[in-house]
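Here's the structure, in structure tokens; my notes come after.
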């Protein structure tokens with residue numbers, strides 16, 4: 001699905017890196033030693049390959065998807081979990097994601113008269129849900145007792161009911177009114193019910209006597225029964241409007257609705273509210289209506305539609321695009337789609353986390369800018385220049401200015417009149433951001449959004465969206481809520497950090513094993529560890545703590561730092577810790593031969609020349625080099641130092657003084673279980689024979705602890721530098737694999 005999986009890319013490169021370094025070391029063996037036989041080669045292969053890594057990674061990601069599901073974020077692709085944690089830009093739809101998508105007509109503007117100058121009437125409508133309960137008020141705040149007595153309101157209700165493809169219904173189980181179809185069209189259905197019907201002075205009280213199921217569409221059904229639909233011109237993005245031809249008593253009328261600028265451009269007359277007459281639409285009237293439109297869209301943050309009609313020749317049975325001319329303007333309706341309460345805090349969380357939010361909308365630019373101001377996307381900004389772009393403005397920028405715009409953009413509007421952004425514009429935006437190495441999350445819900453969802457690093461479909469959008473996405477929002485995306489990003493970062501931590505733990509352990517074997521071979525020592533011991537350490541001893549690291553609690557600053565990257569500093573830490581693990585393991589081996597009271601106390605020179613023991617006279621038997629004790633000490637040092645290293649991985653940068661071991665009881669339990677298993681191997685005879693080990697004395701255990709504990713001190717120093725510099729000493733960042741097509745990357 002998505003394109004950029006930074007950690008997955010890193011893990012995918014590990015086998016090649018391991019193979020390369022193993023071949024280099026094999027070459028050293030051949031050049032430096034004369035005993036680079038099969039045993040050493042097998043030991044090196046076992047040490048170099050983290051056998052348990054794939055299982056641990058999959059387990060951690062699977063557990064992460066389970067936690068995300070509780071947040072209403074349904075993950076469809078495991079790699080998208082860590083991608084979400086690395087997201088640098090979220091391109092979010094406005095409607096339904098940042099807003100409630102509970103459309104309601106809030107204001108209506110009509111022309112009252114044009115005798116001296118154009119005078120408009122503005123009405124306010126109460127109610128902000130799909131419930132057909134509300135009242136209509138004039139500009140003075142007085143409730144209209146009989147709204148249908150207003151000629152323009154009556155025609156607005158007529159047009160809204162007939163030029164409409166949606167349905168309003170009552171759900172008795174949820175005890176609320178629900179929509180079927182577009183929210184904008186359902187809002188018009190609700191307006192029809194609030195306006196009422198002509199000719200009934202007692203209409204409000206009569207409507208209250210209906211059941212809720214009947215009330216949902218009573219007035220709409222009245223108009224649909226009065227008129228017979230003959231032909232429909234569906235909405236198109238180039239026209240930005242739709243029309244329907246209706247017949248009543250051998251009179252044909254075409255009703256139209258759409259973007260105000262598109263509908264008004266096709267109007268030549270206007271319906272007056274005071275007497276119902278039709279008068280020519282002059283430039284003064286146009287300017288007045290344009291001013292009202294800008295006020296609705298800007299200050300009031302309303303989504304606007306214009307309604308119009310046209311009387312057609314008697315007997316006409318079809319419509320063509322040419323018929324959408326010489327229309328009579330009825331009125332302007334402004335719809336309110338309030339922002340979700342939790343969105344403002346979610347936007348602030350993104351800003352604190354170094355994640356940029358780009359609002360992608362099909363609304364008018366002024367409407368979208370007002371909404372962005374409400375939700376805090378334009379926090380502390382007075383001038384939106386350079387932060388808000390329409391699709392045409394962005395496409396017209398020179399390449400250099402376009403690059404600068406991408407670094408600052410907060411709003412991307414592609415006004416089409418249908419309140420939806422053009423799918424091609426979404427894909428264009430994703431591609432442009434990806435060229436600047438951003439990790440992009442894109443939301444969408446329609447069939448046409450599928451290409452952009454597929455192209456994005458992580459496509460996020462709405463739970464209420466189409467099946468096509470969901471199948472093209474990496475994640476589905478069950479509640480269509482932007483705050484859920486932010487919560488999922490926080491969870492994704494925690495999973496990403498935990499994944500990095502157990503990879504760091506396992507790889508540093510493997511580096512330590514390789515260093516141990518490599519240094520021992522270079523120095524000419526006996527085998528410190530045999531393959532079966534290495535397998536036990538890799539599969540059992542490493543696997544349990546690594547899995548438990550996946551349960552680490554998130555760092556306290558997880559949403560106050562920039563998105564994580566895998567950089568050179570992290571790899572440097574792998575090497576430092578791994579080198580110490582290897583050297584400590586060898587030190588335990590050497591200690592037993594040279595310093596242990598239970599050992600032979602050989603000179604160091606004898607140890608590194610053990611292979612010539614049989615050819616010269618010595619004060620000790622050559623069989624001493626086959627004793628199990630030294631490899632037992634080495635294996636135990638390796639196990640214990642890795643247990644201490646597991647504690648280091650409670651957090652990437654925070655000290656163990658800040659995050660205590662009991663913050664992850666799973667890790668504590670896994671360490672205890674691992675040590676019990678290791679002790680069983682040492683002290684239970686069949687197992688000790690199988691793994692070529694022997695019981696250790698208390699003196700030997702003390703040396704094991706002395707050699708193992710410093711790994712905590714070393715990592716504390718490295719964490720201190722990480723907190724101080726955030727790894728800027730090694731600014732190398734893994735870039736996206738731009739040269740490969742998406743299909744190749746997914747395979």
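Cβ coordinates are placed from backbone N, Cα and C, and glycine is handled just like the others.
For 502-522 (among others), the entry in TrEMBL reads transmembrane segment.
The domain 'Cation-transporting P-type ATPase C-terminal' annotation in TrEMBL covers 528-721.
With a threshold of 8 Å between CB atoms, the same-chain residues lying at least 6 positions outside the transmembrane segment (534-551) that come near it are 43, 46-47, 49-53, 55-56, 59-60, 63-64, 495, 498-499, 501-502, 505-506, 509-510, 513, 635, 638-639, 642-643, 646, 649-650, 664, 666-667, 669-671, 673-674, 677-678, 681, 691. Annotation comment: TrEMBL describes 534-551 (among others) as transmembrane segment.
Here TrEMBL flags 571-594 (among others) as transmembrane segment.
If you look up TrEMBL, you'll see 665-684 (among others) marked as transmembrane segment. Outside the transmembrane segment (665-684), and at least 6 residues removed from its termini, the chain residues within Cβ reach (under 8 Å) are 536, 540-541, 544-545, 547-549, 551-552, 632, 636, 639-640, 643, 646-647, 650, 691, 693-696.
Sequence-distant contacts of the transmembrane segment (571-594) (same chain, six or more residues past either end, CB-CB distance under 8 Å): 504, 507-516, 518-520, 525, 528-529, 600-604, 607, 629-631, 633-634, 636-638, 641-642, 645, 648, 700, 703-704, 707-708, 710-711, 714-715, 718, 722, 730.
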